[in-house]
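Engineer: Starting off with a structure, shown below.
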Amino acid sequence: MSSLDSFIELNDGVKIPNFGLGLYLVGSGSEAELSLLFALKQGYRLLDTAQFYENEADVGKAIKKSGIDRKSICVVSKVWDSNHGYEATIKSVKNSLSLFQLEYVDIFLIHSPGSGRNIDTYKALLELKGQGLIKSVGVSNFGIQHLKGLEEAGLPTPSINQIELHPFCRREKLVDYCREKGICVMGYCPLARGKCFNDPDLINMAKEHNKSVAQVMIRWSLDKGFVTIPKSSNPKRIQENMEVFDFKLTEKNHQILVFSLHFVYYIYTFISECI
Ligand SMILES: NC(=O)c1ccc[n+]([C@@H]2O[C@H](COP(=O)([O-])OP(=O)(O)OC[C@H]3O[C@@H](n4cnc5c(N)ncnc54)[C@H](OP(=O)(O)O)[C@@H]3O)[C@@H](O)[C@H]2O)c1
């Protein structure tokens, strides 16, 4: 069974933890810094932020204050859509670095593929990787056709595709495609944004394993082999979410969850898999 110290090796040789802290809506300033410091102290080593989240400066400050060796922390950020394009991406990533006050960012992703400037944006990230400012280049919210677009342009395969994944949003076709191509699958919203905690199957599984529903959902992601990044800004829940390495869901649990349905997620997954 994996542990908090388990790593996954990406297709470019970079190693990253398979569990980390999501940082969307953690707030900013001292509030965010406190949650981050607490998480780092407890053992979290992967931090998932984005230009859009406006907390890159807080991440950098917390890393410095923690006193933890920079090399043992994996920082993920994402180029926001309005910064897409070759020159704009270079400028925005350099701006992110100065907000972080870091010499490099471990992983930079294209936040989403909608801008129509994926190729130039991706080329800019590769250039920054060449300069040592980024260790690994990936994408987020890319469907199969977007990934094929990069391949057809003769570009190297992204190291990661970060997509929404939880028992109600399984994206099997896309996950299989990423795995065939050697792309690491990082799942966001592992707790379905807290919207499905009253699901009876999850509640039963939580009782069976003497865990919370949130822990069952995080374990589902880990059992599936996804890198997972639950968000919390509450110390008790930050702690709870990392206590998932002492149990596994059973085969029967997984079989039951294959049939999990939530109307909104069903429609979302159906549309996503069709385009
Ligand atoms: N690439 C993308 O487009 C994209 C999109 C969405 C998210 N993400 C990334 O993925 C991360 C996770 O997704 P998310 O933040 O949207 O949703 P999430 O992690 O699925 O759920 C977070 C919600 O669950 C609550 N929560 C956390 N732990 C809990 C627990 N043990 N018990 C009960 N409630 C709990 C949190 O509240 P408290 O904070 O109050 O605990 C928050 O309301 C983001 O922070 C971000 O880094 C990426």
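Here the Cβ of each residue, glycine as well, is placed from N, Cα and C on the backbone.
TrEMBL does not curate its annotations; it predicts them automatically.
Keep in mind that what you see is a predicted model, and the values were worked out from it rather than measured.
Below are the features I grabbed from TrEMBL:
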type     : residues : note
ACT_SITE : TYR53    : active site, proton donor
BINDING  : HIS111   : substrate binding site
DOMAIN   : 35-256   : domain 'NADP-dependent oxidoreductase'
SITE     : LYS78    : site 'Lowers pKa of active site Tyr'
Engineer: How many other Cβ atoms are found within 10 Å of the Cβ atom of the residue listed as 'active site, proton donor', counting all protein chains shown?
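Structural biologist: Result for the residue listed as 'active site, proton donor': 21 neighbouring Cβ atoms inside 10 Å.
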Engineer: Near the Cβ of LYS78 (site 'Lowers pKa of active site Tyr'), how many other Cβ atoms are there if near means within 10 Å?
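Structural biologist: There are 24 such Cβ atoms around LYS78 (site 'Lowers pKa of active site Tyr').
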Engineer: To the nearest whole angstrom, what is the C-alpha distance linking HIS111 (substrate binding site) and LYS78 (site 'Lowers pKa of active site Tyr')?
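Structural biologist: That comes out at 5 Å between the alpha carbons.
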Engineer: How long is the line from the C-alpha of TYR53 (active site, proton donor) to the C-alpha of LYS78 (site 'Lowers pKa of active site Tyr'), rounded to the nearest angstrom?
Structural biologist: 9
Engineer: Note down the number of other Cβ atoms within 10 Å of the Cβ of HIS111 (substrate binding site), including every protein chain shown.
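Structural biologist: HIS111 (substrate binding site) is surrounded by 24 other Cβ atoms within 10 Å.
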Engineer: Quick one: what's DSSP say for HIS111 (substrate binding site), helix, strand or coil?
Structural biologist: coil
